[in-house]
Amino acid sequence: MTFITRWFFSTNHKDIGTLYLIFGAWAGMVGTALSLLIRAELGQPGTLLGDDQIYNVVVTAHAFVMIFFMVMPVMIGGFGNWLVPLMIGAPDMAFPRMNNMSFWLLPPSFLLLLASSTVEAGAGTGWTVYPPLAGNLAHAGASVDLAIFSLHLAGVSSILGAINFITTAINMKPPALTQYQTPLFVWSVLITAILLLLSLPVLAAGITMLLTDRNLNTTFFDPAGGGDPVLYQHLFWFFGHPEVYILILPGFGMISHVVTYYAGKKEPFGYMGMVWAMLSIGFLGFIVWAHHMFTVGMDVDTRAYFTSATMIIAIPTGIKVFSWLATLHGGTIKWDP
């Protein structure tokens with residue numbers, strides 16, 4: 001098998017997982033370089049970069065690189081691809097060629113994001129890309145359009161990956177293995193994939209409407225034509241809040257395995273509680289998004305609902321922390337590195 005065949009046309013979950021890990025490590029260095037620019041600018045009085053726009057471009061790029069090209073490829077693409085098939089005893093992922101496509105959509109997406117910062121004035125919108133700042137007046141030129149296309153590609157990659165993980169985790173188990181016997185990391189990736197599948201299409205709709213507002217004279221987010229910038233915020237945060245749970249849920253799964261192993265236990269404390277806590281967090285994550293929008297003004301009853309729904313997420317989260325501590329309790333903790 002030639003180098004090209006193995007690494008470019010791979011249908012092997014381990015090779016694709018390795019590609020994700022290498023890509024994520026490289027993107028992580030780019031993201032770290034961007035954060036060093038931010039710290040250098042903020043580390044002393046006066047200016048270093050000299051311009052607010054370039055600073056905002058660096059902050060925006062840092063966020064996108066770290067979220068979409070470091071954390072998600074490593075935790076879902078890397079660890080997910082490597083571990084999910086092994087943990088359920090499957091020969092590979094359910095759709096190996098789609099798995100390869102999910103990976104190879106990421107480098108072009110990354111290229112588009114980097115391109116957005118090198119043309120015109122860059123996309124200095126923040127990772128939320130709110131209009132009217134992201135509109136074609138405040139951000140004339142191709143920068144924001146390139147950033148939107150980058151998000152489109154990364155989104156398609158994640159949706160395909162999510163379909164693959166959901167199908168694999170549910171359908172590729174041996175007949176004797178029930179869903180309640182799969183390891184917690186498998187559960188965490190499954191729930192993460194469901195969140196991706198349900199939230200990303202909404203982001204895609206929002207940024208596509210922004211794209212047409214910028215280029216095709218629509219007014220989805222322009223009050224002059226009967227639109228409303230707050231609509232964009234609802235669409236974005238309906239994705240954006242589940243996204244932060246997408247970033248942490250695989251970490252929950254990893255922590256459960258790490259804590260169990262280093263406590264010298266054969267299983268985590270409260271397996272079913274852990275599973276249902278993750279399911280609850282995933283579900284509740286979809287009905288709390290407007291707490292990111294309190295400053296735009298909201299009806300008192302709406303504020304009361306979103307506040308209390310948000311606080312309820314603390315309960316399953318507390319169950320998880322309690323169970324990790326209970327797993328450690330009474331164990332022979334291994335202190336080796």
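All positions are counted from 1 along the displayed chain.
Positions of Cβ are set from backbone N, Cα and C atoms, glycine also.
Cross-referencing His152, His234, His241 against the Cu cation binding annotation in Swiss-Prot, which names His291, His292, picks out His241.
Touching of the transmembrane segment (271-287) and the transmembrane segment (184-213) is concluded from the presence of at least three CB pairs under 8 A, sequence neighbours closer than 6 excluded.
Cβ neighbour density within 10 Å is lowest for Gly46 among the binding-site residues Gly46, His241, Tyr245, His291, His292.
Sequence-distant neighbours of His62 (Fe(II)-heme a binding site) (same chain, 6+ residues apart, CB-CB distance under 8 A): Gly31, Leu34, Ser35, Ile38.
Away from its own ends, the topological domain 'Mitochondrial intermembrane' (214-228) comes close to residues 131-132, 134-136, 144-145 of its chain (Cβ-Cβ under 8 Å, at least six residues beyond either end). Excluding His241, His291, His292, which define the Cu cation site, the same chain contributes Trp237, Gly240, Val288, Trp289, Ala290, Met293, Phe306, Thr310 within 8 Å (Cβ to the Cβ centroid), listed in sequence order.
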